[in-house]
Structure formats: C-alpha cells, structure tokens
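Noted in Swiss-Prot for the protein shown:
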- 161-203: compositional bias 'Basic and acidic residues' (COMPBIAS)
- 686-703: compositional bias 'Basic and acidic residues' (COMPBIAS)
- 812-831: compositional bias 'Basic and acidic residues' (COMPBIAS)
- 839-860: compositional bias 'Basic and acidic residues' (COMPBIAS)
- 1019-1033: compositional bias 'Basic and acidic residues' (COMPBIAS)
- 1034-1043: compositional bias 'Basic residues' (COMPBIAS)
- 1314-1338: compositional bias 'Polar residues' (COMPBIAS)
- 1362-1373: compositional bias 'Polar residues' (COMPBIAS)
- 1375-1384: compositional bias 'Basic and acidic residues' (COMPBIAS)
- 1386-1397: compositional bias 'Basic residues' (COMPBIAS)
- 158-203: region 'Disordered' (REGION)
- 526-555: region 'Disordered' (REGION)
- 686-707: region 'Disordered' (REGION)
- 812-869: region 'Disordered' (REGION)
- 1019-1050: region 'Disordered' (REGION)
- 1314-1397: region 'Disordered' (REGION)
- 30-63: repeat 'TPR 1' (REPEAT)
- 559-595: repeat 'TPR 2' (REPEAT)
- 1167-1200: repeat 'TPR 3' (REPEAT)
Amino acid sequence: MSNGDVVVDADQQQAQAVVAPQQLELQIKLPSFIDQKGDLKIPSHYEETITDLKLTLTVIPKTRSLTNYLILIQGEHDVEQFGEIVTFGQIIEELALGEPECLQIQIREKPYNLAAVYEQIIRLREIVGLHYVDKVSQELGSCGGVTRFNSIKLDPVTARGEAEKSDTNEEEQEQGKGKVGKPNEKESGETKETDSQPELSREELLQLSDLVKEIEESPESINFTQATKFDNINGKVKIPLKSFAVSQWSPVPSFQKTKGDLLYLTVQTLENETFHITSHFTGFFVNKCSATTFNPALKTNEKGRYHKHYLLYELLAQLSPSFTKTIEDNEVKLSESTEHPETYLLPNNSFLAFPWVVNASDLKNIPDSSRSQLMLISNGVDGSEIIKEWNNDIQAMKELPSTNFQERLMRDKLIQKTLFDFSKTATETAINIIKGNIAPMNPGEEPDKLIYLKNGVFYSAGTSTVDVFDKTGGEEASRYVSSKDLAAIKIVNRHELKGISTLVTCIVDYMGKRIVCQAPVPGILDAAPPSEEEDDAGAEQEKKEEGKAEEDEEEEIMEKVLYGLSSDSQKILEDKSFEKPLKLLSEVFHLKPHGVKLSEQVKSEGDLVVSKDTKGLKGTDGRKYAIDLYRTTPRDIEFIEAHFKEGENDSYPHGEALIRHEAVNEWWKRKVSALFAAETEKLEKEGKLEKDGSKGTNSEEKSQIALPIDQVSFNPDAFSSDFESKEDRDEVREISKFIKEKLIPEFIEECQHQLAPFDGQQLSEQLHRYGINLRYLGYIAEQVLVKKAEYEESVEKTIKENEELVKVREAEKVEKDRREAEEAEKAKERAAAQPESSSDDKNQETIENSDAKSKENTESDDKDAEEQPVSKATYELVLANYDSLYRLAIQEMVARASKHVLRQIMKETPLELSAKAVAHFHNCLLGGEINTSPEAEIDPLEASFFSQSAISFAKLTHKDVVAQVAKEVGSRFRFTLEENWIEKLVHLPQLFREIALKFGIQWKSFDYTFTKQEFEHSQREQKQESVVDNVEKKHSKKSKKKSPALPIENKPTSFARSSIFIADDIVGFVPLVKDSSYKPTLVDEIFANARSQLLSGDKDLGMAMLAELVTIYEAIYGKVNSQTAKFYSLVAKVYQELGFDKEAAIMGRKAVVLSERSCGFDNHDTIAAYMNSAYFELANSQIANSLKLYLRAMQLWTSTYGKDHPALVNLLTNVADSLYYAKDYESALKLFNAALEACSHLNGQASEIAGLFHFKIANVLVSQQKIEKSKDSFVAANEIFQKLLGPDDSMTDQTSKYISNVAMYIEYLKARQAQSKKSPPPTQTVAPNARVSASQASAKVANGNGTGSSKSKKGKKDKSTPQSDPQIANQSVEDILKFIEGKSKPNAKSKSKHTKA
C-alpha cells in the first residue's frame, strides 16, 4: 500500500468519529394505550440507526412488549422508506432538517398479521422468562454457560486503595523519593507507584489468616463434586404463567379468517384460571372458547366487561394479578443474586461452553406447552424461513457499503450473526444426520460417502472424498484436509478479497463422527454455467460442438469446475476470468504461479495462480467461488518422507501432512526481512541510500527500497507429480525444515521464560500460534528432555566454576585478613602501654568500635551501591517449566490418541450403546489398577437388537486399550511410550478431563477414584451411605408430615461398583464445532488507534475510544462471547497500566464471568482471567478479594494439571508479598516457606529463585525481630547465590554484607545487653550505619514466571524492599532494618510487581 500515510490518517479520523459523534435527542411520542402523556426522551447521536432505536425500545420497560409498530419522523415520514440500517444523520440530511439537536419521532401501532402475532408471542416469552426454559431443550448439551464466580463472595470494588496510595505518595514526595508523574495525576484517577497498603483491622487480618490456611490446605487433586457447585441464578426465576401455548383450536378456520382472527392461544395463570385468547388484527382478547366448545368471539360478562388489549403482555397483566408482580420479583431476585448481569444473559451469536462434568441436581426439565411449538412460531407462517440461501446472504452482506465506521460496524455485525445462525442450524442438522433422522440424497452409497441437503446446506461425512486420497491415507487424509480447508476459508474471509467468494462452512464432530457442512454454490445442481470464454465464442463453435458424441455432451453438462483440476481429474481448466481474483488469494497465501503437468495428456497450457486442487466455480448469482482451499500451504515433505510409508503398520496415518499458515507466514516474513537487509546493505555500499536524510533530501523524497517479495513464494503443488522443477521442491523443503530447525527450538527456548500451559488445549494453541503442527509433539517431548539435560549440565558446570572462584576469593580474603591481623597486632602492642580500662569501658568500646566501623564503611558502601552492577539472576523456573512442558506433551499425545481409539470403537458401535461403550473404554484405560478386565453393561434385550460385531467393544480389556493407545501415540506422534506409561507418565484425573473435552463427553459429578485404595475406600463409604439412606427412608415413612418434593438426582452411588464408571455416569455428548467466523479488522484498527492515542499522551481520547470499543465488541459479538471476554481482560490490563485500578478491577471481574460462560468454567482462559482479576484487586488494595480469586485459580488448575503447576510458586509469592506489605508477617512467612518448598520440589533446591525465597524469608524474620533466625536464611541465600551467580554477583555481595551486618547486630545487642546490666539504658540509641540495601536483592524478582518483582523508577536501580515499623520494646523494627541495611534513613517503598497471567 503505497499511500500508507493517507490510510492511517483516514483510520484516525474514523476512530475520532467513533468517540465524538454529534449528539441528538429523540423525543418519542408513544401510543396512548402505553402512556397517556406519550412522551419518552432518549439520548442518541447522528450515527445511530433505526435498528439501534428499536433495540433500545426493547429494553425500556414501558415499550419492551411493543413489536408491531410504525416509526414516523416529524410525524409524517415513515422510516421504512429509508431502511433500518440508515443513520439518523442520513435521514436528517435526506429530509433537509438542518442540524437539529432534537428529533421528533412518533410510534404508531399497526394492524397485526399472523407473522406479527408470532413475533408478539416470542417477545412475550422473552419477557416472562420462558426463553431461559427454552435453553434447556434447545441447547446442544446440558448446563451450558455455567459460572462459579458469584460463590466467591467478593467485597464490592472500592476506591479505598487510591486514597491510601495518594497519601503515601505525598509523604514520599516530601522525602524526595518515589516521585512518579505529576502531583495532579490523582485527579485523573491515576495512581503512583507505591507499596503502601491500608492499615488492616483485626477482623481483616483474621480473614486473611483464614484464606491463607485455605490456600495451604488446598487439596492436591481434583474434587469433582466441589468443582461442579455452579451458581444457580436462573433457578431463582419463577415463570409467571402455569401454561401458555397455541390453542388446540388453531389454525384459524377459513370462516373466521374473514373476521380478522389470526391465531388462538390458551393461557393458565398462577391463579389456576384458564383463558382462551383470540389473536385479532386489532389486538388480543379473551374469547368464549373452552376445551370442548369453539367460540372465538369476544367474551363479556353480565356487566358488559371484557378483556382486550393491543399488547398480549398487557392483556395477561389484566387477567392475572400475580403476573406483573412475579416478573418484578424475578427482576429483583436477579439483581440481588449477582451484580453481574453477564451471569445469566443469553448469547445471541455464540454457543455457550458446556461443562465436561455436570452436577446431577442441575439436570431439570420444566413443563412448557409452547416449547414444542417454537418451530412453528419462529420460522415464519409456513415454516419456510429456516431455509435460506446462506451463501447469497453472506456474500450480499460482504458487498454492503463500508465507506464509514457505522457502515462497517453494521456490516460486520450482520456477517457475524449470520455465520453463527448458519453454524447453529448446520450443527443441529448434523446431529440429526448422525442419529439417522434424515434421509440421504444417495441412499445406495457406502455410509462414509452419503451426502445430504437440508435447509439450504450440504452435509457430507468428513471422509466423503476418500477416493481422492486413496494413495495418501484415504479416510484419515480426507478427514484431515477438511479441517485445513476450513482454516484457509477463515483466512480468506478475514482478508475480504474482492471478486472471489468462499463457501460458508463449518465442521461438526459428534460422538466420534465428523460432518462437513457447507452452503452449496448457488446453482450447483443446475446445468453447468458457461464460462466467460464460452460466452464470447460464436455460433460456428457451437456448430462444431454439435458433432460431438452424446456422452461427451453429458460430461460437459456435469462439469462445474471452470478453473483447476476437473472433477474427474482428466484435464486442467483455465478460465482466464478467474485469474485476477484468484491472484489476490495467491498473494494472501504467498503462492507462486506455476505450470501443472500430471501426465502428457493432463497438463496446463499456462501457469495456474493457485494449486490445481483449488477449484474455481461460478454460481448462478454471478459470483466466482473458490473451493477446496486445503492446498494453500505446502506439504510437510520432510515429515512425510520420514514417516509416511503406505501400507506399513508403523506408518503415519496419511501422507497429506500440511504446514500451518502461521509457519508459512513466519518463513515469509524472515525471508523478506533478509531481502530487505541485503538490499539496504547493497544500496548503502553503492551510496544510493542516504542516511538520516543527508544532503538536504526532503522526507517525502527519501529513497524507497523496492523488494521483489513476489519472489518469496512457493509452489503449492510441489511433490504432487514427477514433472516439477528442483527449485520449487527446494523451496517447499526449506519451509518444511524451517519447523524443526527454527520454530520448535525457539518455542522450547521461550518456554523457559514464560508460565507453563495449564492444560493440553493451551499447549496446542501455543504450538499453533508458533506454526507448529501437533504431530511434532513427540519430537518436542524428546527435545525437552535434551534441553533439560543440557541446562542441568550447564548449571553443574557453572557451580563448579563458581566454587573454584569462591576458593580464589577466600584465599584473597585470608591474605587480606592476615594483613589486617598484623596491623591489629601492632595496634595492640601500642595500646599495651596505656592503662587497662574497666569492663564497662570495654563494652562501650565495643559499641563505639561498631559505630566507628559502620561509619567507616558507610561512604564506601554508598559508593558501591551507586556503582553496583545489575545481578545476572533471572529467577526463572526453568526445570519446572521443562518438566511441565514434557508432562503436558505426553498427556496431550495420550489424550488425542485415546480420542482416535475411541472414535474407531464408536464407528462400529450402534448409537444406542454409545454410553456403554464409552464407559467401558474409560474403565479399560483408566481403571487398570482396580479391574483389568471390566465387564461392559449390556442388557440382553438391548444386545438382541444388534450383531455380535456391533458389541465387540465389550471384549476389550485394560491391556488391549493401553496397547491401542500406545500404538496410536507411536503412529501419530512418532513417540514411543515407555512400559507402564499409564502409571508413570500421566495423571489419570487430568487425562479423564482431556478425553472428555476432546470427544465431547459430559459426565455426572461424582468423586471418581483412580487407585485401588481410593476405590475401596469409596465403596465402603457408599455402603455406609446406603445404610443411612435406608434408615432415613424408614423414618420418613413413620413421619406424619410429608417432606417437600426434592429434585431428582441420578446418583451413581446407589449400588456397589466393580469399576470406576458406569454408563449412567454419562449425561450426554456435545458437538465440537469449528466454524468459519473471523475477527473483523475494524476492531483491530480502532484498538490500535486507541493504543496510539494513549502512547502519544492523549489519554482522554484513548480511554474514550476503549470504552466505545467495548460497546462495539458487544454489538458485533454479543455480550456473552469468548471474544468479548478476552477483550474485557485486555481493556482491564490497559486500565491498570494507566493507574485506573478500580476500573481495572471491575472490568477484570466481568472478564472472569464471561470466560467461564463462553470458554468453560475450568478453561485455561478462565484460569488466566481469575489470576489477572486477582492482580487487579491487589493493585486496588483489596487483598482479601485478591486471595479469594487466587485460591479459585489454584483450585481450577488443580483440575486441569494438578496443584503442582509452576504457577503455584507465582501465586504463593504474590500472596505472600501482599501479606508482607499489609504487615501480616506470620501469614507471609507461612506462604514464603510454602513457596520455597514448592520451588524446591518443582525446580530443585539449588536454584536462583530458591535463593530469593530464602532472602525474602530472612527479611520477614527480621521484621518479626527474629534476628538470629534470619541469619540462617541469609546464609542459605548466600550459599545458593555463590554457587549459581558467583561470588562477584551483586546478590552474592549483598547477602554477604547482610550476614556480616546481622552478626554485627547480634554482637551489638549482646554488648548493649551487657552494658544495660551495669548502667541505665541511654536516652538515645545510635544504630550502626553500614549502608547495604535489603531491597537491592529483592528488586530483581523473577521476570519470567511472575514470582513478583519490584518496579524500577524510570530506569534507575530500585534499591528498596518494603520493611515494617511496628513499635517494640526500646527499638523499632525499622531501626533494626536500618541497621541490617546500613541506612540512616528509610528508603522509599517500592511497589511489588505481581506478574499477571
């Protein structure tokens, strides 16, 4: 883009328009039946649309039941003539109204038709809460969108911390320290760097102590029952009607249609009264019908009174006194249950996350007669609205104007909503296809080749193209490339290429079967469209073709492909009209134009701009479509040649292994960067590139470097035939080598410095971001062990070198001491001639000598402090991160292999026995210690319906399944599991979870046990519970009073088990959906502009843009969406960085709730959101809230990984630091010791971070006045630093001085104590002043794993660790610390930088 500057300016103007629209007040006159005064004022602006107004009316209580109305501008202009997406500014301009600040709008009711009645019914169901009930039956699984956030019981977010910090800042400014920013920053909500925490009350300290105890005693393994105690906010909502449905008298008979009747309804109120209602074009009224008599006329009583209203809601409010009151009570209950509406809001364009383990008590069904009628009232008067031309709709939306912000926003919003609607419709149909509820179009074919057409969508098995890959893996290859095709479609959609379209696509995996869902190319079932070249051909060509054989004509009619390899693979088609649009696609994927030759008969005449397997088709809508985009990345030829051996047992499953787009893009960037560097160097040598605009060159005329980036491309068809150039093959081989030679080593190296993943899904996402395919997991696991061994060797080498260096330094010290001893001896001889002093004088002399020595060292220590080099310590949990990465890699390989084994089992198993097969598989895999030959639960009657081969899964044993999984790991990941790997290498509870998530299984919440000891203990408890239950039942029968009905809980504990799982433990299966939705570029552009404004110093505009961007995210994605959740978390981080701690804390809480509901209650994004939220609460000085959130995060990663995750060290350190600053030293000491223990267990005892914890513990002990005990910790820290950092490192030097000063202080105390026995204590204590800063050591806290660090002030070395100053006996702790640190004045306290997740 040569005109880059103009584009940037346009974007900035657009962003400016986002945050500064012209304001407009809407003065709305309502119909008289709503409000006699009829006035409603709504603030708006010129950029809002009629759609925005309608959405606003749906949330205002007074107008929310309105559905069928006209909107008149200035009392006469109907907005329907303008359209709903037109802005008020455009309407005002069209009507030539000038620039009014107020716009007169009138709402006028319209006569109902049947479609409008359906809309009114749907709105009523939403208002009364029936749509929450619908969710249960319409969901693709059970308990979607659960959350546990409200159970934490956080204190409200307050701004208390800001005031406290501000006061501390003023004190620091008086001392000339800790000054950051301008004094008036407090007014803008910014906070300054400080560590001061509010003084805590006794009650707060007790609360913190209890939370610390919870953290210490947190269980090591997952408790499934506790983990599924979800919030039940919606369960508190009461439906204000007992029954509401379309009446049995519907549809309206012909003789009543002429009277205006549209539909008949039946309602039963909470007062147990039943009313029959007529839906009339004038409104709704109670009629004279009964269950047996049809009379739809208006019902009047003897006084002539009747019930009629234009709005159904208002009519029901007249009929039932409890109706409105119940709705109001529901709203109160919801608001009191949680301060976060995100907890119960329903998504409008995304799926909720379904938990893999479900509390059985949450599995409820609520009666609702109208629920089964939703298909009737939701899809138009004849049900035809469910059938859509999906491709045509999406392409039409993409072609909408996008010249300004509002147009782009509306366009992106419509596209995202339609893509979700497609995915939802396709997923529901795919499930019905798998269950056999829909007939195929080709019933005679094999099951894997069946295709379906339903509701405008084509469905096929993921293996339907198996014939195309018969030599490269067949079914496995076909299944694999379908996902690669979808990945390419998402990229094309995001780039919004003009002139070429892709198919709306999603992939559904359900119960081990895959269905590919695609909206067909318009007209694909019609006769083949002529290409543009054929259109230009004359009549003479047509006459020549008349002589062709009839079969050739039929073949031409069937051929739909106009570009690429023909359907029968017999020729290469090259419609020139496709070249230009496909050229855009090739630029996105860096494809090289190339000739194709498969044989002498099948070859291209010119160069194809895309792969031969990418086909160009033309729809009857006139658009050009590109399909089969899986070949937009090259083959991973190095991997294929090494591991795919067709026909061999140990071969990789298929030969279609492709490189990820991320890897290709990274390779391309580095190649272009190398070209740029080479070209720059060349021009500089030739003198053609002037540096810094020398010779008076104008900035606009600076030299530009033209790079031949089109040469950095590859042939996607390389290695597909024998007729290819060596250059093309070499380029593809280079990209293939790039993964193992560059990307994987860089990934492993980076793992040293960052927090380890929490589960296999996060590991997979990280690998994908790096461009690494999961088939390299085995290689990564092997390399991790190699890198770990190398690191350990380097540490051992470092220790040996430092030990030798220590000996040298000790020898130097001995020599120095010898010389000093000689000097002392001479001084002693000179002093011998003087009179002998008393013991009191000697003690005083000791003190004075100590003072003198300390004073003598002060100047040199001050100088040393100024010139102190930065320590080379990194405090990274390298070994712990390597171990975690290795463990997760093994677990992910085993989980994925288990999924494939289970998929093969399910392929032969009838759907009716799926739960039994899955439970048996899990017993065989995970229950080997309990029962090596578990029995499958198959009822003889059920078995009689199927063949023996269909129930062959029952013959599986523990040994069989473990061997199959190990074989899959070997073939798919090229990794050999060691013997007894199931006991040694994987953690069974976490593997259980991973398989459930990957296969889409929902289990009942139950304390599943995986060891023989735990299982037997569980069985004994079950027997005891059974005895208690029987006693209670007998007692209840004798009771005169009836106990209230309890919800049915399908308890799997009612009988003794012989294995871990039973079929009844499985609640159900959920589909795993991959869709073609994408992130619009609009939000990225605005966010980039907002960050730019913030960095440039315009914080008001930047913050306003961020706030508006939150609204944009909610408009495009909906409030309940994973993308919205991630953006909330991002905005919270920005707020915190700017010092808006309160706002960050509020936004962080919202991010947690949305992550739980849209990502999963124990998803890694949710864990990160909890940790970030804890950090934001801590920054806002709400320590108790922070501890509660950290505790929940730890409980979550215990279920996904185990408590011993490296993040445990991070959490314990952050919490301990917080308690230390709050002066709760006892709790801080407990957690620092726990952090040291965890660090020693995970990362070894001799590590830099272990030394740091010893140092922190010593500081706490000093704060507690346990001086002698602190010396041991200082010594331990010093020994570690000497070994790992060397004797010359600043940390080693400082800890050595600490040890010396502590020893000196102990000597000082002893001398003072001896003197105090002889004489009264002095009125003033003069402390030694050897200046050694304790905080210089702790300032360099781990920057890798978030173990806490201190912020440096504008690049200067931070020399201040917070110390306490409670008053004690004759001295304060501050005096003690000043002595230990050697300072005459306390340093400014620095803020602990707790690492965010």
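Cβ atoms are placed via backbone N, Cα and C, with glycine included.
Nonlocal intrachain contacts for the repeat 'TPR 2' (559-595), taken as residues 6+ away from its ends with a CB within less than 8 angstroms of a stretch CB, comprise 488, 491-492, 495, 497-500, 521, 524, 528-529, 531-533, 601-618, 624, 626, 628, 632-633, 661, 664-665, 668, 712-717, 728, 731.
Counted with DSSP, the repeat 'TPR 3' (1167-1200) comes out as 31 helix, 0 strand, 3 coil. Secondary structure of the repeat 'TPR 2' (559-595) per DSSP (helix as H, G, I; strand as E, B; remaining residues coil): 14 helix, 10 strand, 13 coil. Under DSSP, residues within the compositional bias 'Basic and acidic residues' (812-831) fall into helix, strand and coil as 20 helix, 0 strand, 0 coil. Looking just at the repeat 'TPR 3' (1167-1200), the mean pLDDT is 93.
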